[in-house]
Amino acid sequence: MDELFPLIFPAEPAQASGPYVEIIEQPKQRGMRFRYKCEGRSAGSIPGERSTDTTKTHPTIKINGYTGPGTVRISLVTKDPPHRPHPHELVGKDCRDGFYEAELCPDRCIHSFQNLGIQCVKKRDLEQAISQRIQTNNNPFQVPIEEQRGDYDLNAVRLCFQVTVRDPSGRPLRLPPVLSHPIFDNRAPNTAELKICRVNRNSGSCLGGDEIFLLCDKVQKEDIEVYFTGPGWEARGSFSQADVHRQVAIVFRTPPYADPSLQAPVRVSMQLRRPSDRELSEPMEFQYLPDTDDRHRIEEKRKRTYETFKSIMKKSPFSGPTDPRPPPRRIAVPSRSSASVPKPAPQPYPFTSSLSTINYDEFPTMVFPSGQISQASALAPAPPQVLPQAPAPAPAPAMVSALAQAPAPVPVLAPGPPQAVAPPAPKPTQAGEGTLSEALLQLQFDDEDLGALLGNSTDPAVFTDLASVDNSEFQQLLNQGIPVAPHTTEPMLMEYPEAITRLVTGAQRPPDPAPAPLGAPGLPNGLLSGDEDFSSIADMDFSALLSQISS
């Protein structure tokens, strides 16, 4: 029994009798990138495992049981045993041939190394780097040369500390080499540091199945998983390799919580985990919520307070106006007249019922020559009028002589469908008497224009005074057909040139002819003879008639 006791309860290892080396600050395993020599920049400094953004630390060793002079060599070896010399190199101050070597300070036993960087080599330079390690005797564990050939993990290295001190007799004494934790290249996804950068949501139902988008640093789609841990519970998110987008994004669904009937939110940890080396990222908080059987949040939408409902009703287009309608905006319009002077009201012009009341002394003597009057009357356009069929007086002798002197061919119109004759226009009332009179009285001429019209002639034989004009005849012309006496006939269109001719020549008006019978042929104006008969007024050629008048 006494012989088995040491086997069951082994004794504590005895402390070394001499000095030994201890690593009190390990190098940071992840987060550092190995630099190529062709990059032309410093490889950086290897940080310590407790290094932060505000407090920087570096790999540190302590020589226990010894204080005095000594040397230290730091080299790179492979991660897995046998720990062969690594083709990568250490660069920095006091570095040569791929390793670091310097004298130790005799006054202290703790030594820190701040200027150490890792420089990687290309695969094509791998054999040359291994041969250089053999030539410089950089082989801390004395691995045979035959075993140094083979594959190397270029994404992970270890630091090997070799310390040489002096024994009491002054001879050099090599202490056993010490290896650090592996240091991984942050550029390689299979060894890089795992880090969750961002998620689109950090809570979900306790039943699971919520889709989450996760952004991260480079990962390998075949060597990554989303790990959930809680008190006495762990689970993994559900996704496939196709859900890993370009090694930096993962779309997964949350696993169900251990207790699907929980009544209060539960906080758990969510991490990235690499199964190959069981490396974990920094945890991120995730919250499981109780299941309310309301996946579409209908109950939450129904929770409307009175004030909320009231505000909604105020904004509703179907609700009545709550505030009185604002008064319309008044726009200032500039007035054309002065505000101080009132605008005079329009006054009707007092027209007289007869020309006998006109003071002729107010008007200058004006008589038109016969040539200009006939030419002006021919050029003045007149609207076509429908002439009623009524007995007309015989043509004036002056007009008949004018027509005989300049005969014009009358075109014969082709027979056409008879057109309806418009009914006779109603006679104007007394109120319309002043229309033409006002137009005549308002005529204004300049001296030059009037002189050009009259031909600048003052011969009394040519011009006749207006005093010799018969007022009754002029009144009949202005009234446009209103008879002065009941026994006089209604004047027609052709009486105007006749009256003007009489004004120019000074001749008296001939007596009115006897009224023609109702069945008498010819037009009412008396221009056509008895043998010229038209079945309708539409058969008459007005253009030929006007050309005769103008000639």
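Positions of Cβ are set from backbone N, Cα and C atoms, glycine also.
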Here are some residues: Lys195, Lys310. Which is flagged as N6-acetyllysine in Swiss-Prot? Lys310
If you look at how Swiss-Prot annotates this chain, which of 81-105, 106-130, 256-280, 506-530 comes out as region 'Disordered'? 506-530
Considering the residues Lys218, Lys314, which is the one that Swiss-Prot annotates as N6-acetyllysine? Lys218
Annotated as phosphothreonine in Swiss-Prot, from the list Thr191, Thr308, Thr435, Thr488, is Thr435
Looking at Ser17, Ser370, Ser536, which residue has the phosphoserine feature per Swiss-Prot? Ser536
Which candidate in Ser75, Ser353, Ser472, Ser535 appears in Swiss-Prot with the annotation (Microbial infection) Phosphoserine? Ser75
Specify the secondary structure state of Ser276 (phosphoserine) as given by DSSP, simplified to three classes. coil
Can you tell me how many other Cβ atoms are located within 10 Å of the Cβ belonging to Lys310 (N6-acetyllysine)? 10
Students should find that the Cα atoms of Cys38 (S-nitrosocysteine) and Ser276 (phosphoserine) sit apart, in Å rounded to an integer, by 31
